[in-house]
Amino acid sequence: MSTYIAQCQRQTSLACRGNGIRCFARIDGIRENVSKNHTLPAEPQKRLSDHTNRDVQHHSNKAENWWDLDGPMKGLHRMNLLRVPFIRDGLVARGSVDSKLINTNKVLQNQQILEVGCGGGILTEQLARLNAKITGIDLSYVLINVAREHLKQEANARLLDNITYKTESIEVHMEDKKNFYDAVIISEVLEHIDDKESFLNACVQCLKPGGSIFVTTLNQTVRMWIVGVLIAEYVLGFIPIGTHHWKYMISPLNVQKILDTMGCRTILVNGWMYQYRQGVWRKINSTSMVYAMQAIKTQALQKLSLNYGRYRVRFYNAVIDNIRETASAPDVTQAMSDVAKREVQHHSNLADEWWNVNGPLQALHSLNSIRVPFIRDGLIARGSIDAKAVSTTHVLENQQILEVGCGGGILTEQLARLDAKITGIDLSDVLINVAREHLQQESNARLLENITYKIEPIEIHMKDKCNFYDAVVISEVLEHIDDKVAFLTACVQCVKPGGSVFITTLNQTIPMWVGGILIGEYVVNAAPKGTHRWEQLISPLNVQRILDTMGCQTILVNGSIYEFWRNSWRWINSTSMCYALQAIKTGSF
């Protein structure tokens, strides 16, 4: 047993230390706590569906090998290397954790967490080792017994204080624990539930307003079925046969839709994949296999009733806007690289057609239908917005926003119509003039007060506006930048601690190159030829890595696609084409 405990300690150390938190293999300061009520109901799942009973029995049959690190559950053990940091960092990013504890092995101290479908306690124990007060519930009394027996074998007193195990359904548990938990975890469980709406509703009701719900599960894709079920279970035998069924899998978009109806805002979706030969989990740019999701329960979040025109977003419900012009800036192109000069010239050549909603930039106009709500809802979810303004067209009132690479102002104007105080900067004097002239044509006084346009690079702007803005928006710009690290550094320096960076751009993938560049530019002319180049595209994972070095926590990545035959954008389950990313500046930089 001492050998086994040493293995667990090494696993805990790797799970934490390998992801930026200094946890120690010596975990003597953390203890477990098992519910004193060991009397189990004789028939805890008598009202369950046949499918649920079958799944409970299927997992109960693995009880003897549950804690065998190299046994049939090894994939679940090794998943802790991703899911423990995902949960920990999600709670840290929400500001739920005492800042003094962030770099300690007590980072989750006093966090009340519920794990639904805890099984034999593989994840439960690891979270308790970070000092969370965690309740694990499961329908299988066999697995709850396994969890309790394993905890008894641990020479660790604080775990006994931190963990409570119960054999009961979430529906029963919810009746006494409404609005109680800081976080609810549903890890590798949702793919075994038939009535997902009722299940998620009970989980959400257990959560405090402002609390987080964490889900990890399998996507309902052909790729997942072939690799994760057919090959993994029936060919290679990495997973016990019958563990997963296609019809019970669910896409992240459908989970998000269900949670939306329950007052929960999805703020982060990551794609994961298990490499069977190496026996390790890793992050990937796609959610087509396994995904991890974090959503926030917020009673204040309501969707605005927006009137979307065919090609552009319109917010004209009693909105009065305006603009303030600034003096022309000096020539900023002198210090630019050849790449930057070429990009500026390319877009400046489109100036005459910039505000033609049926012209060469119609896709950029249409993009407002998803990027404006993405930015608006991201700021609401962060608690940056006055609750009284959430359901009004003044929702972004007093938010100081910088748009870098604003061009002719297509996005700038729409954000200003929501009452944001927005500064748009661009390297092209031609496009800034287009933006100013268009605003002068608007009979809208408040826009003149809300918008400031400047011809200057972000590196110059940053010198006077360090830690100034509530949000910096970089929309359809990053794919035109050669030195992305220097560019993002200047952008992040402009953001206040706790502020948001919003990015929309193109992924560096073969589908994007074929569909978005080869076909989009050279076949159907959805974008002007030469607009995008493969070598300047970047994956969301690489953007996230750059932002990580600057003290920014990525909290949301959504995939999107442009349907050129309908001139419309929509969210998709994959980031293989385009993506929208929100990151939070967690400290001074």
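From the backbone N, Cα and C atoms, a Cβ is placed for every residue, glycine too.
Note: TrEMBL annotation is automatic and uncurated.
Just so it is clear, the model here is predicted, and its values are computed rather than measured.
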Identity of the S-adenosyl-L-methionine-site residue among SER251, SER475, SER500 (reference: ARG83, GLY117, ASP138, SER187, ARG371, GLY405, ASP426, source: TrEMBL): SER475
In three-state DSSP terms, the structure that ARG83 (S-adenosyl-L-methionine binding site) belongs to: helix
Separation of alpha carbons, ARG83 (S-adenosyl-L-methionine binding site) and HIS480 (Mg(2+) binding site) (Å): 34
Site of maximum Cβ density within 10 Å, from binding-site residues ASP138, GLU191, GLU476: ASP138
Rounded Cα separation (Å) that holds between ASP138 (S-adenosyl-L-methionine binding site) and HIS192 (Mg(2+) binding site): 13
Packing count at GLU479 (Mg(2+) binding site) (other Cβ atoms within 10 Å of its Cβ): 22
